[in-house]
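Participant: In case it's useful when we look at the structure, here is the feature table from Swiss-Prot:
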type    : residues             : note
DOMAIN  : 51-157               : domain 'Fe2OG dioxygenase'
BINDING : HIS75, ASP77, HIS134 : Fe cation binding site
BINDING : ARG148               : 2-oxoglutarate binding site
Amino acid sequence: MPPTIRNNFPLFHDFVTASHFITQTILMRLSDAMYLEGSTRFENSHREDKPSTTTLVLLHYPKNFDNAHSGHNKHTDIGSLTLLFTPQWGLQLLSPIQKSKSWLWVQPRPGHAVINVGDSLRFLSGKRLKSCLHRVYPTGEVYQEEDRYSIAYFLRPESAANFEDVDGKVVSAKRWHDEKYVTYTEPHEKQDLSNILTGGMDQILA
């Protein structure tokens, strides 16, 4: 265990516990709002006694990227819900309701978190819910000329949960995670050739 985590373990433990409670509560409320029952309720694919790839990530985007390229290429998140804490500019999203189809800045607000729907929840909902297509992008006008930091809690389904992916294939949550994670590591030019990176949302929002 890294010294920073070991020396601050109670802080990390409390943060993860609170993040998990918040995201699970949102899942339950979504299940209620969509009148889901029994095994179709979202929380029943996120049981705490089952293995999953749920994780906490500390993100750092150095200040000296090439402004001609995104700090993080357009993508949707792998899992169900993302609880994101980001006090600095840099996050953009493509709105499913905006006619211009242009990238919108997400204004950082003190005391607030950003919550994204990811691919797994989209698939578990039968694609009734939409994954958030977003990117991290530097700009000299709004983006602050400093290192950018954010904290993301990625709630993901239990690894054995099954759903239909973007191509209609039945896959496990673990398989979707593994295939998409490989795509994250590829050059942007190769990422753009696959619909895995965006979960097919770029075609829907085109």
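Here, residue 1 is simply the first one shown, and the rest follow in order.
Backbone N, Cα and C define each Cβ position, glycine as well.
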Participant: On the 0 to 100 scale, where does the mean pLDDT of the domain 'Fe2OG dioxygenase' (51-157) fall?
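Facilitator: So the average pLDDT across the domain 'Fe2OG dioxygenase' (51-157) works out to 87.
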Participant: Can you list the residues of the same chain, besides HIS75, ASP77, HIS134, whose Cβ falls within 8 Å of the Fe cation site's Cβ centroid?
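Facilitator: So the extra residues in range turn out to be HIS72, LYS74, THR76, THR82, ASN116, GLY118, SER131, CYS132, LEU133, ARG135, THR198.
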Participant: Are there any residues at least 6 positions away along the chain from ASP77 (Fe cation binding site) with a Cβ closer than 8 Å to its Cβ? List them or say none.
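Facilitator: Counting only residues 6 or more apart in sequence, the Cβ neighbours of ASP77 (Fe cation binding site) under 8 Å are ASN116, GLY118, ASP119, SER131, CYS132, PHE154.
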Participant: Using DSSP, break the domain 'Fe2OG dioxygenase' (51-157) down into helix, strand and coil residues and give each count.
Facilitator: 6 helix, 39 strand, 62 coil
Participant: Counting across all protein chains present, how many other Cβ atoms fall within 10 Å of the Cβ of HIS75 (Fe cation binding site)?
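Facilitator: Looking across every protein chain shown, the total is 25.
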Participant: With the cut-off set at 10 Å between Cβ atoms, which of these binding-site residues ends up with the most neighbours? Options: HIS134, ARG148.
Facilitator: HIS134
Participant: In Å, rounded, how far does the Cα of HIS134 (Fe cation binding site) sit from the Cα of ARG148 (2-oxoglutarate binding site)?
Facilitator: 16
Participant: Between ARG148 (2-oxoglutarate binding site) and HIS75 (Fe cation binding site), what is the CA-CA distance rounded to a whole number of Å?
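Facilitator: On Cα coordinates alone, these residues lie 19 Å apart.
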